[in-house]
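Colleague: One structure coming up, written as structure tokens, with questions to follow.
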Amino acid sequence: MSRILTVRGGVPLKGRIQVRGAKNLVPKAMVAALLGNAPSTLRNVPEIKDVEVVTSLLQLHGVTVVKDPVTGDLTLDPANAKTASSSEINTHAGDSRIPILLCGPLIHSIGHAFIPDLGGCKIGDRPIDYHLEVLRKFGAVVDKTGGGILISAPHGLKGTKISLPYPSVGATEQVLLSATRAEGITELSGAATEPEIIDLIAILQKMGAIISVQTDRTIRIEGVNELSGYVHTALPDRNESASWASAALVTGGDIYVEGASQRDMMTFVNTFRKIGGGMDIHDDGIRFYHKGGDLKPLVLETDVHPGFMTDWQQPLVVALTQAEGVSIVHETVYENRFGFTNALTRMGANIQLHRECLGSVPCRFGQRNFIHSAVISGSTPLTGTTIDVPDLRGGFSHMIAALAAQGTSTVTGIDIISRGYEKFTAKLDGLGADFDVHESSKVLR
Ligand code: EPZ
């Protein structure tokens, strides 16, 4: 039974919240522990659903995962790694896309892997063709079966040359997790270089891997026979940090995001400044606040790192509905990432969606009929309404729109938000939001 949020809007969010390890690194770091010949310890682990899903998937495969009751640090021991039944994997995988990244490590440790049909946010069809192509290039045999894919490598994985058609984060991680213990050298061109990728490389290097990142998005990996365990503190979640920054703008608030790292958010910081947001940047976090006066409209294009991160777009679009003037957002990473704007329009926002590339460069979706550009005309008052959360980032955007709207909103399906935002209702509480969380007729908070 999923929880329901009743939000009474119009209250500025003010106070301090803590952001911990990145949702888009921590599960991959947990999978990397499978490659080690000794236990690993991961620090700064957030309590989010994606970590729970990967914990149960790893335990299913014989990995012991022990959580420190005080710090939340995880110690993972892959000594007894074993196969798991496809039905069990299907049950535990939920709507996570992480199972596809278990392939390389499982093939190295037990010779094969089973991947159920994958989930993940509905922001496009989320194919895995790059992943399967990468595994085949390493010498794996990929067999599609009912309900999933069986992948094996009777002769082990061999280093190879790979060129990605698009700097896919997941496919880059697939290469890193497969190549580090493959025989010989792997050269990956067209790689993703997001901060979470670099943090995963740091983890693998701690384990004994030999990996170099060149200036032209080429990553070179020299396979080694074995890897040790690691001890690593996960980098902070730049996507959660940016989400709360947008929440401060949308509600006219002032939020100190402890843990926000300027280094990983340089493009966001520039954009936040251009829209007219206030910032004080410190070593242990960033204060994001609404300075009063009008917010300025923007022309914005999402891109792979170091461009404007696609996961930052949805919460910022809510802020753009409150800017004085016309803003344009061209989403170039996912083909269908504006579905969340329907609810904003119902609340009073003026957002028009287009098939054309409304940006400086034509992207992969331009002539393929995908609605991937938005024109936002502000500022428009938002009125509370009933909202069903569509996906993780869209859901956070709906939540902050409800917090800014006049009147009351009922937000259902909020458990999706728990996939990537640690203790978000407690954080809202601490920031002074006026809301109730309830399940059917019971009020939980
Ligand atoms: C990761 O997804 C993140 N998720 C996403 O964050 C993030 O938006 C994305 O990278 C881009 O930075 C996790 O790390 C768990 P991709 P991933 O492979 O790896 C296409 C969030 O809200 N593609 O870089 O799945 C794909 O369809 C989530 O935290 C293929 O065509 O992203 C997309 O258009 C959302 N074939 C583009 O590449 C493939 O085999 C980028 O996807 C793989 C990807």
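Placement of Cβ uses the backbone N, Cα and C atoms for every residue, glycine included.
Pasting the relevant annotations from TrEMBL:
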DOMAIN    8-428  domain 'Enolpyruvate transferase'
BINDING   Lys23, Asn24  phosphoenolpyruvate binding site
BINDING   Arg97, Asp311, Val333  UDP-N-acetyl-alpha-D-glucosamine binding site
ACT_SITE  Cys121  active site, proton donor
MOD_RES   Cys121  2-(S-cysteinyl)pyruvic acid O-phosphothioketal
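Distances, neighbours, how buried they are, the whole picture for these features please.
Modeller: Each residue in the domain 'Enolpyruvate transferase' (8-428) has a pLDDT score, and their mean in this model is 94.
DSSP classifies Lys23 (phosphoenolpyruvate binding site) as coil under the three-state reduction. Less than 8 angstroms from the CB of Lys23 (phosphoenolpyruvate binding site) sit Pro46, Ile48, Asp50, Asp237, Asn239, Glu240, Arg419, Gly420, each of them six or more residues away in the same chain.
Cβ contacts within 10 Å of Asp311 (UDP-N-acetyl-alpha-D-glucosamine binding site), excluding its own Cβ and spanning all protein chains shown: 25.
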Colleague: Fill in the CA-CA distance, Asp311 (UDP-N-acetyl-alpha-D-glucosamine binding site) to Asn24 (phosphoenolpyruvate binding site), as an integer in Å.
Modeller: 11
Colleague: Across all chains shown, how many C-beta atoms besides its own are within 10 angstroms of the C-beta of Arg97 (UDP-N-acetyl-alpha-D-glucosamine binding site)?
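Modeller: Arg97 (UDP-N-acetyl-alpha-D-glucosamine binding site) is surrounded by 18 other Cβ atoms within 10 Å.
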Colleague: I need the CA-to-CA distance for Asn24 (phosphoenolpyruvate binding site) versus Arg97 (UDP-N-acetyl-alpha-D-glucosamine binding site), whole Å please.
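Modeller: Cα to Cα, Asn24 (phosphoenolpyruvate binding site) and Arg97 (UDP-N-acetyl-alpha-D-glucosamine binding site) are separated by 11 Å.
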